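Data block below; observations after.
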Amino acid sequence: MAPLALMGVVLLLGVPHCLGEATPTPSLPPPTANDSDASPEGCQGSYRCQPGVLLPVWEPEDPSLGDKVARAVVYFVAMVYMFLGVSIIADRFMASIEVITSKEKEITITKANGETSVGTVRIWNETVSNLTLMALGSSAPEILLTVIEVCGHNFQAGELGPGTIVGSAAFNMFVVIAVCVYVIPAGESRKIKHLRVFFVTASWSIFAYVWLYLILAVFSPGVVQVWEALLTLIFFPVCVVFAWMADKRLLFYKYVYKRYRTDPRSGIIIGAEGDPPKSIELDGTFVGTEVPGELGALGTGPAEARELDASRREVIQILKDLKQKHPDKDLEQLMGIAKYYALLHQQKSRAFYRIQATRLMTGAGNVLRRHAADAARRPGATDGAPDDEDDGASRIFFEPSLYHCLENCGSVLLSVACQGGEGNSTFYVDYRTEDGSAKAGSDYEYSEGTLVFKPGETQKDLRIGIIDDDIFEEDEHFFVRLLNLRVGDAQGMFEPDGGGRPKGRLVAPLLATVTILDDDHAGIFSFQDRLLHVSECMGTVDVRVVRSSGARGTVRLPYRTVDGTARGGGVHYEDACGELEFGDDETMKTLQVKIVDDEEYEKKDNFFIELGQPQWLKRGISALLLNQGNGDKKITAEQEEAQRIAEMGKPVLGENNRLEVIIEESYDFKNTVDKLIKKTNLALVIGTHSWREQFIEAVTVSAGDEEEDEDGPREERLPSCFDYVMHFLTVFWKVLFACVPPTEYCNGWACFGVCILVIGVLTALIGDLASHFGCTVGLKDSVNAVVFVALGTSIPDTFASKVAALQDQCADASIGNVTGSNAVNVFLGLGVAWSVAAVYWAVQGRPFEVRAGTLAFSVTLFTVFAFVCIAVLLYRRRPQIGGELGGPRGPKLATTALFLGLWFLYILFSSLEAYCHIRGF
């Protein structure tokens, strides 16, 4: 209610001068720069309306009181409706800017070990985009209003455009920040993350308005010279470059190291030059420290590599948090939640929050929630095309293809499978044995024959005889091959080989391998390989220990883990130490080691598993033979030979008795992170791909729910009454602006250009309506600009900052861009307009005159109040409060009241000065 009451006071300021007049004040020529604003005409304003850029004067020019009221209502309602239209087209405009600034490029990163990896990073620097396209998008009405006002009035300076820029700056600095401070929930606070950039933009913001005062009241009072106007415009790229340097720590940031700390008593930030520190810098990072793991080395690499590393760490942290919250879900299920969670919690641009606020206000719904609902309704991708080999033919192969048997087993049984097909044919397939290291006749019995699969049969067995001997020998193997497939009908009659699709085929594995294990030795114990690569997400790794060259007797085999670069004790893996007991004729055992899942994007740590000396549990004849020489009793030659043979059969370690285990990152986890980085691009959420999509979106009413569920999107609720009302109020604008090219066309530039033109037309209409409203009620353009026009252009930014303050983890998106926008408004808005006008009048041989009185007073007042505002924000970084936004209830309410009071005083003093109640400059 306070802003409404303030507007009423402003409207009443000019009334006392006009109550006693029977007729309107006659029209006078506009005063020049040398005229005093204290003249009766300058103090009370004029009821005589002038033609606008697009709108003519409403005839007749001398209406009655009732007609004046009706006209004022029409102008005011039309102006509000135009503000709604500008907000909606700005929605499209900001979406195109988000698409443009979200463009990515691939970079190749070479690590210290020579390995390379490819990633994608944004082409646009965040700070540069915020101060250029983002600032242009959020301040386009103010900037274009100034340019159109000057160019549309014969290059004469007006009061509406500059007043709107200063008034909008005051509203953003005081009211928007006050709202952001207040809406943070109790007990929470938000800090500016990139404080260095904030210092630079805040300094330029204050300098911009100091510079305005200097060129209006000091250098050349009442006249803007060409060099002043051009220098104002040049300050815009200079400001952007300085902010970019601060963000990148270039020049003096590179050569002068500073330590920043906060005095616990005063809360003042203290800097001291010196060696590279290891304390917290202004942006919250640690200088001189590296991130653990290989990616930490990227901290000294290119900025793109650091940016990619930061994006990966954010996504990894999201997956870790969700895994702790939902331990029962697998990675695929977590990815579905993580997509929404990443969109919800990632740092968002000013464009996103502006679009989100506009759509919530106009009944278009929550951007993220609608995107999640559309993704859920969208049919999933197919699992892939069917296998080319799955053509309806039966497939015949060994299952399994590897067999092990002891030398004394007598025979080994092999299985052949028949899968697929129609099951109404008879198949004949031949088999035969082939020598390997085992020879037919001495180690196994040669065999060949034919297997017959009748209709419906899916498995056939064949048996191969094994020859036993008492000679100690190494493990040997031979092969069994399938060949010569023939097809018959159900009765078994062979069918001719036609040219059509085959009914059956032999597929791999066609060759089975049979390994004969010697049973005359206790065995050689070893790992299957010297090296084992495991993924950190495995949880538990199973390591096989094989017993070859014999399997006689019971053997106990000790083992233990040894640290390498990986650390045991639960850091990278759990220590394992124990014994494996191999029974008689047992050829394989498995030991388990638990791996700790650190969920790292890149990882390569190793540890070792060592086997101890095997112990033969002395039982039966082996124990007797080995213990015969322990006593004094002499043994015979036969006994000595038997003992020697038994000694040869003792268990021993093989060559691979030490296994190196390399723990690597989970490839599924790594792929998930890469997919999430690609899919969490907000340009995919707020952008449009076709006109059809835009028109459907324009006529659809959605619930404007600001609350977000971190566990994923909830069920879509029905729109409220407010959503329907706002939708029907704005449906004309929505359908009209659905004709704008989709953001996907020309990478967003087509939409960008059309939106600029549309915003320009609407801004010209707003300027004319505001001017006609002011002259109808007797309100001066300077007051009209700082109150009504500035308020109308800044309302969407207020809601955008509110949403950003609630949803972002830091304060940069909500208030960090306020100072940058204020500076850009002056340098770009006034710089372009005044440069064009100054050059035009210089060519004509005349000066470009600008009345300094009201504008200079407003600029000075705003600058003083802005110093107070920034000082309070920095003071709020004390530990007792916690940050620029939120904090304890007392300081939060006090800050909100102070900032709203500053805005109230700014409007009041500017209005009093405009109506000559107080003396200005």
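Placement of Cβ uses the backbone N, Cα and C atoms for every residue, glycine included.
Fair warning: this is a prediction, and the values are worked out from it, not measured in the lab.
Taken straight from Swiss-Prot:
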REGION    23-42  region 'Disordered'
TRANSMEM  69-89  transmembrane segment
CARBOHYD  Asn125  N-linked glycosylation site
CARBOHYD  Asn130  N-linked glycosylation site
TRANSMEM  131-151  transmembrane segment
TRANSMEM  165-185  transmembrane segment
TRANSMEM  197-217  transmembrane segment
TRANSMEM  226-246  transmembrane segment
REGION    248-267  region 'Putative calmodulin-binding region'
REGION    371-391  region 'Disordered'
DOMAIN    389-482  domain 'Calx-beta 1'
BINDING   Glu407, Asp443, Asp469, Glu473  Ca(2+) 1 binding site
BINDING   Asp598, Glu599, Glu600  Ca(2+) 6 binding site
MOD_RES   Ser622  phosphoserine
TRANSMEM  721-741  transmembrane segment
TRANSMEM  749-769  transmembrane segment
TRANSMEM  786-806  transmembrane segment
TRANSMEM  823-843  transmembrane segment
TRANSMEM  855-875  transmembrane segment
TRANSMEM  893-913  transmembrane segment
For Asp598 (Ca(2+) 6 binding site), the one of Asn125, Asn130, Glu407, Asp443 that lies nearest, given that the recorded positions are compared by Cα: Asn125
Nearest of the recorded positions (Asn125, Asn130, Glu407, Asp443) to Glu600 (Ca(2+) 6 binding site) - Cα to Cα: Asn125
Cβ neighbour count (within 10 Å, all chains shown) around Glu407 (Ca(2+) 1 binding site): 23
Distance [Cα-Cα, Å, rounded] between Asn125 (N-linked glycosylation site) and Asp443 (Ca(2+) 1 binding site): 74
Rounded to the nearest Å - Cα separation of Glu407 (Ca(2+) 1 binding site) and Asn130 (N-linked glycosylation site): 78
Same-chain residue ranges lying at least 6 outside the transmembrane segment (226-246) that approach it to Cβ under 8 Å: 125, 127-128, 131-132, 196-197, 199-201, 204, 208, 211, 215, 219-220, 253, 820, 823-824, 826-828, 830-832, 834-835, 837-839, 842, 848
Rounded Cα separation (Å) that holds between Asp443 (Ca(2+) 1 binding site) and Asn130 (N-linked glycosylation site): 80
Ranked first among 69-89, 131-151, 197-217, 749-769, 855-875 for CB pairs under 8 angstroms with the transmembrane segment (165-185): 855-875
Top partner of the transmembrane segment (131-151) among 69-89, 197-217, 786-806, 893-913 - counted as Cβ pairs under 8 Å: 786-806
Stretch with greatest number of CB pairs under 8 Å, the transmembrane segment (721-741) reference, 69-89, 197-217, 786-806 candidates: 69-89
Winner by Cβ contact number (other Cβ atoms within 10 Å) across the glycosylation sites Asn125, Asn130: Asn130
